[in-house]
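According to TrEMBL, the protein carries these features:
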TRANSMEM  21-40  transmembrane segment
TRANSMEM  46-67  transmembrane segment
TRANSMEM  74-97  transmembrane segment
TRANSMEM  117-146  transmembrane segment
TRANSMEM  167-186  transmembrane segment
TRANSMEM  192-218  transmembrane segment
TRANSMEM  349-369  transmembrane segment
TRANSMEM  390-409  transmembrane segment
TRANSMEM  474-496  transmembrane segment
TRANSMEM  516-536  transmembrane segment
Amino acid sequence: MVTQTELEEKSRKVNESFEKVASFGLQPNMIIYLMTFYKMSAATGTSILGIWTALSNGLAIVGAFVADSYLGRFMVVAIGSVSTLIGMIILWLTAMVPQLTSSPCSQLQHVCNGPTAVQLAILFSSFGFMSLGAGFIRPCSIIFGADQLEEKEKPENQRLTDSYFNWYYASIGISTIFAVTIIISIQDHYGWQVGFGIPVILMFLSVSMFLIGSPFYIKVKAKESLFIGLLQAVVAAFRKRNTSLPVTDCDDCYHRSHESELLAPSNDFRCLNRACMTQDPQRDLNPDGSASNPWSVCSVEQVESLKALLRVLPIWSTGIVIFVMTRQFPFSVLQTKTMDRHIFPQFEVPAASFSVFMMISLTIWIIFYDRVLVPLLLKYTGRPRGLSPVFRMGLGIIVSCVSMALSAITESIRRQRAIEEGDDPRALVNMSAMWLVPQYALLGVAEAAYSVGQIEFFYSLLPKSMSSIASAMSTTGTAVSCLAASILMSGVDWLSSTGGKTSWLSSNINKGHLDYYFWLLTFLSLLNFFYFLAICRFYDGSSRLSHEAEEKQCDYRLLPES
């Protein structure tokens with residue numbers, strides 16, 4: 001029997017082997033690298049990095065389907081890790097081999113030659129490998145770690161699993177702080193060859209440790225294609241859309257597998273129940289009880305899996321707005337550059353490094369919640385898991401709303417002082433940049449509360465066979481939020497500049513009205529909170545959701561495990 005200490009160590013190894021090193025590839029200094037070695041404009045480089053980020057997050061849903069339906073989580077994480085390592089090595093080679101980047105411009109040249117097609121192909125291939133690796137690792141690594149802790153013979157491991165989710169995100173926060181401080185400092189002082197080489201070495205060690213530990217891992221095997229099963233349920237329900245549903249409950253009217261514990265589909269989304277109805281058993285079923293045409297008749301389990309996914313989509317959508325809030329760093333950097341960034345007379349914090357305060361608060365909150373708040377709630381309320389996932393998601397939305405309101409107030413004060421002091425966009429305002437720290441700290445707490453609560457909610461309510469999809473939905477929400485943030489910023493910039501007016505998002509923030517934009521985000525966050533409450537009400541109240549997520553007794557968990 002595996003001891004709890006051994007389970008913790010296995011979980012920790014899985015946790016430490018992936019996102020910590022993989023996150024090193026996405027750094028603010030990449031835009032400088034593209035501008036320096038590939039002669040790209042800031043706009044072009046930013047667009048490429050944005051597409052890279054969106055692709056990395058969007059491929060998570062592909063990785064989840066492949067893991068749950070075909071290869072299993074271990075194999076998908078292994079492939080993703082190797083793919084990431086290959087991409088990082090290629091990127092490192094572009095810094096090591098001069099022929100892989102554009103030639104430096106001489107003083108006599110008026111027009112610099114840009115990168116060749118081959119050079120761009122090599123650069124984009126490195127991004128492609130890392131995007132594929134991220135898409136395979138992100139939705140599966142956290143669930144693969146949780147797989148190591150799930151033993152039906154040891155129900156006390158439930159508390160360990162809950163703690164694992166918190167520490168997983170804490171480790172990501174710590175790794176991000178390490179990446180945006182030490183790694184960037186190494187790149188600035190020792191060059192790109194060393195700055196890219198160190199993450200490659202760390203990733204190589206990470207992949208090696210993971211593969212060496214392969215014999216000791218619990219490996220959940222994939223079942224038949226989950227994606228095809230969901231698609232079959234949709235097609236079967238559409239083809240039988242004109243079929244009348246039975247007026248009364250009839251267990252014999254529905255097709256189910258032999259090992260199934262579900263006798264009939266649930267009553268919500270009843271239109272999908274047609275997909276598993278058997279109108280003529282002799283025609284619809286084979287002698288062994290399987291469906292003769294799975295695109296016309298599917299099982300109750302397939303219908304319930306589709307319903308489970310539909311049930312969590314509204315909750316998933318509430319995360320888009322809160323993740324949009326974390327995409328406002330470029331504007332915050334513009335603010336910070338106009339303010340006094342000295343902590344001590346001899347030490348000035350770089351403007352782009354202020355986001356580290358968000359990661360610090362995120363990490364501190366998770367540690368405080370897991371090690372202080374949960375034991376206190378257990379002592380005085382008897383709740384072993386602390387606050388419910390739904391409550392934490394709602395808390396995250398409210399805190400993000402407060403953070404945006406504080407950002408608007410701070411910017412309004414900064415802008416007024418800048419105008420009073422001469423309105424010079426290059427001058428420093430007589431105001432400490434430390435006034436921006438509280439809004440970063442609150443945003444970190446908001447993301448920690450919401451993200452951990454959301455992934456626990458998905459993991460609890462979706463069937464075990466869809467657990468990687470549960471993780472991928474959170475990552476895919478990040479990709480959608482990137483697109484939503486771009487659309488919102490473009491729309492605000494266009495609308496606020498109509499009629500020859502100065503845009504709210506002007507490069508000269510003293511002329512623009514960044515405070516108005518932050519108030520708009522505050523309003524959207526408040527609307528998102530009411531939308532969240534409406535969803536909870538739609539599901540017969542947030543208490544039911546909290547109970548289901550906490551006790552793991554909803555019907556989804558009756559589905560067969562992969």
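Cβ from N, Cα, C; glycine included.
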Counting only CB pairs under 8 A, let me know which of 74-97, 192-218, 349-369, 474-496 has the most with the transmembrane segment (46-67). 474-496
Considering only Cβ pairs within less than 8 angstroms, which of the stretches 74-97, 167-186, 192-218, 474-496, 516-536 has the most against the transmembrane segment (117-146)? 74-97
Using a Cβ distance cut-off of under 8 Å, indicate which of 74-97, 167-186, 516-536 has the most pairs with the transmembrane segment (349-369). 167-186
Under 8 Å for C-beta pairs, could you tell me which stretch among 74-97, 167-186, 390-409, 516-536 has the largest tally with the transmembrane segment (192-218)? 74-97
Chain residues outside the transmembrane segment (390-409) and at least six past its termini with a C-beta under 8 angstroms from it: 315, 318-319, 321-322, 325, 328, 332, 436, 438-439, 442-443, 445-454, 457, 515-516, 518-519, 521-522, 525-526, 528-529, 532-533, 536, 542, 545-546, 549
Residue numbers, six or more beyond the limits of the transmembrane segment (516-536), whose CB comes under 8 Å of its CB atoms: 314-315, 318, 321-322, 324-325, 328, 331, 390, 393-394, 397-398, 400-401, 404-405, 407-408, 411, 492, 496, 504-505, 542, 545
